[in-house]
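Colleague: After the structure tokens below, expect a handful of questions from me.
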């Protein structure tokens with residue numbers, strides 16, 4: 001057998017192999033390389049040095065030996081060397097999340113302390129980007145869209161020894177196309193979409209969407225034709241670029257509004273005499289409309305409008321041919337249906353309405369061409385009154401009061417029917433009669449009258465009629481006040497309503513009686529010391545009277561049919577308040593107040609007479625009040641005498657009376673005004 005070889009060096013450059021170098025042994029034809037890891041080992045036969053063993057495990061420590069071989073056998077194993085395989089290369093997962101970035105990720109590599117990832121354009125342009133990390137992912141940003149890049153990555157161990165590397169080519173996704181333009185063919189209802197090509201894009205997809213409808217067009221060129229579009233639709237068009245890395249973001253949607261559809265639901269009517277109204281349903285994306293109207297005499301007119309109706313002058317009895325087109329910026333709608341319309345007979349003219357009574361109006365008009373029959377219709381609120389006749393006059397009766405009637409006269413013909421667009425005439429009826437609900441007294445000679453009425457904008461006049469004359473009040477509401485009505489008078493009150501349409505019938509009359517008048521004059525005369533006579537002038541409308549004299553000492557009252565009264569129980573020397581109530585036959589009362597009344601001072605008591613010398617008499621009495629002055633009078637057949645004492649005295653002397661006569665002596669209080677009191681007691685002196 002050959003000699004034993006000696007290993008010069010053994011090393012690992014790949015994670016699954018170790019390379020061994022040794023000095024050649026003379027006579028050896030082959031060499032056996034052995035890598036042992038514990039109980040397992042790998043053997044490899046090579047011709048000469050160096051030799052490489054593969055199929056090893058990454059990051060694993062091996063005992064390496066070499067044996068020389070020839071035809072005589074194998075040598076002894078060489079002294080071993082310990083060699084550790086390098087780290088395995090990280091397995092990369094690479095994609096382009098956006099047009100300017102590439103994301104790299106990998107699974108953790110055993111025994112790896114860090115990773116190194118480098119990136120460079122595959123065409124060699126630009127500089128290389130390199131990143132070291134202890135993570136298992138990273139992102140390269142600010143890259144060129146649609147460009148092919150080469151990515152290389154390896155792991156290193158705690159000693160900084162690099163392991164296997166992994167190389168991968170990845171292209172960034174393309175940028176979104178720019179300058180998207182849409183050319184619409186209105187006649188063919190198709191659109192040609194074009195754009196500027198974008199770097200690195202292989203194909204393009206055009207998306208045309210409208211609501212739930214979505215159309216697609218795929219192409220490798222920079223334009224695409226989208227057929228079979230619908231009228232009156234708005235489409236949103238976007239373009240997306242694709243390559244093997246993925247897709248770009250869709251471009252901002254470009255709005256395309258197609259031509260409007262032909263107008264539908266076209267209706268033709270005469271909204272008023274001489275005016276033809278053509279209307280239709282609004283069409284989506286119709287900016288304006290053109291209506292062509294051609295009459296059977298060859299004259300054609302048109303109307304340009306942004307609304308959904310057009311008015312045309314028309315003559316009664318003509319036939320018109322009508323077509324409607326819708327327009328927008330994309331163009332004109334297709335031709336729709338063509339309609340013909342024959343106008344109705346002319347509307348009656350020279351309309352006149354004359355009221356023959358409050359609820360009856362006679363309507364007349366002039367005859368019109370082509371009319372076989374006339375219908376008069378009066379509509380007011382829920383009330384409709386009809387009249388049909390071949391004559392040019394009609395009488396409408398039983399109309400409601402305070403109602404605005406629209407009276408229309410329609411002419412009928414066999415060819416068309418009625419002139420339904422004839423303008424109505426506003427004819428209001430007179431107001432309804434008000435109903436008096438309440439009459440109340442607001443004050444002296446002031447009466448408030450309230451009524452109920454359903455009239456609008458009516459003026460009400462209330463009249464009180466009686467023998468004393470007429471009184472009026474006016475209001476636009478539901479009440480008014482009659483002022484300065486005379487007392488003690490009877491009236492009948494009624495109300496009417498007035499408006500520009502006329503005057504209502506009067507309401508039912510309501511009787512009204514004013515309170516009786518207070519007597520103008522009231523006279524009080526004291527008959528005796530405790531009895532007073534009261535008389536007064538007659539109060540108009542008064543049937544009975546209640547007279548009351550009242551003081552803190554008591555009250556005296558009488559109720560009488562006459563215009564006078566005797567009141568007893570009067571206290572002398574007392575101030576009384578005087579009141580009188582005048583009462584009518586129906587019980588209406590007027591409270592009257594007069595000037596206060598003071599009863600006369602009390603008569604003195606204990607009157608005595610004493611004879612004096614020289615034919616004189618001294619009269620004594622007891623005064624009821626020291627502040628009262630008294631006067632003594634003597635009446636005899638031969639003469640009358642009187643005396644008045646000084647203030648505060650209760651006697652006075654009368655001299656030179658005639659002897660042999662009989663005298664009547666009366667002592668009475670002195671009054672400020674008026675006659676002397678005659679009801680004090682008399683004394684006879686002989």
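Going from the start of the chain as shown, residues are counted 1 onward.
For all residues, glycine too, the Cβ spot is worked out from N, Cα and C.
All annotation found in TrEMBL is predicted automatically rather than curated by experts.
Pulled these features from TrEMBL for this protein:
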DOMAIN    1-88  domain 'Fibronectin type-III'
DOMAIN    89-175  domain 'Fibronectin type-III'
DOMAIN    176-261  domain 'Fibronectin type-III'
DOMAIN    262-346  domain 'Fibronectin type-III'
DOMAIN    430-517  domain 'Fibronectin type-III'
Colleague: Summarise the model's confidence over the domain 'Fibronectin type-III' (262-346) as a mean pLDDT value.
Modeller: 87
Colleague: For the domain 'Fibronectin type-III' (89-175), what does DSSP give as the number of helix, strand and coil residues?
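Modeller: For that range the per-state counts are 0 helix, 49 strand, 38 coil.
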Colleague: Is it possible to list how many residues within the domain 'Fibronectin type-III' (262-346) are helical, extended or coil according to DSSP?
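Modeller: Across the domain 'Fibronectin type-III' (262-346), DSSP assigns the residues as follows: 0 helix, 46 strand, 39 coil.
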